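Taken from Swiss-Prot as is:
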type: BINDING; residues: 82; note: (2R,3E)-phycoerythrobilin 1 binding site
type: BINDING; residues: 139; note: (2R,3E)-phycoerythrobilin 2 binding site
């Protein structure tokens, strides 16, 4: 995978010139976004349990019927699996922040998810609610910088859209 740095250097070299000011600004922007993604990944890692628990609770608050007998969240086992899945999505978002792309979400979270949930009779709306809560609870500068929050929210939106 080529980085912005290698792309800029290759283009300048092919043109027989030094990287221009705009080339260097592009590299600087890429480095700043990478730093913001790493900040968001670190903050999420440090708070994953709290974020996942709050997201799970928000999901159950919006869909209390899930706790009814025979529903998707009616036993302790189902509750644990739902909480585990929410935490799994958040972990994949953290991985995606680190790598700077949606690869981990695409490969380990999104591919085939609708079919699996449909086959198991699991609604996706509660997961959408949980991830939406995680998105809406973030606050700059309380939780992270504005740029880090932008990077984090973009990946949450990506996951939410894939489940919608």
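Cβ atoms are placed via backbone N, Cα and C, with glycine included.
Straight-line distance linking the Cα atoms of the residue listed as '(2R,3E)-phycoerythrobilin 2 binding site' and residue 82 ((2R,3E)-phycoerythrobilin 1 binding site), rounded to a whole number, equals 25 Å. In this structure, residue 82 ((2R,3E)-phycoerythrobilin 1 binding site) is part of a helix by DSSP.
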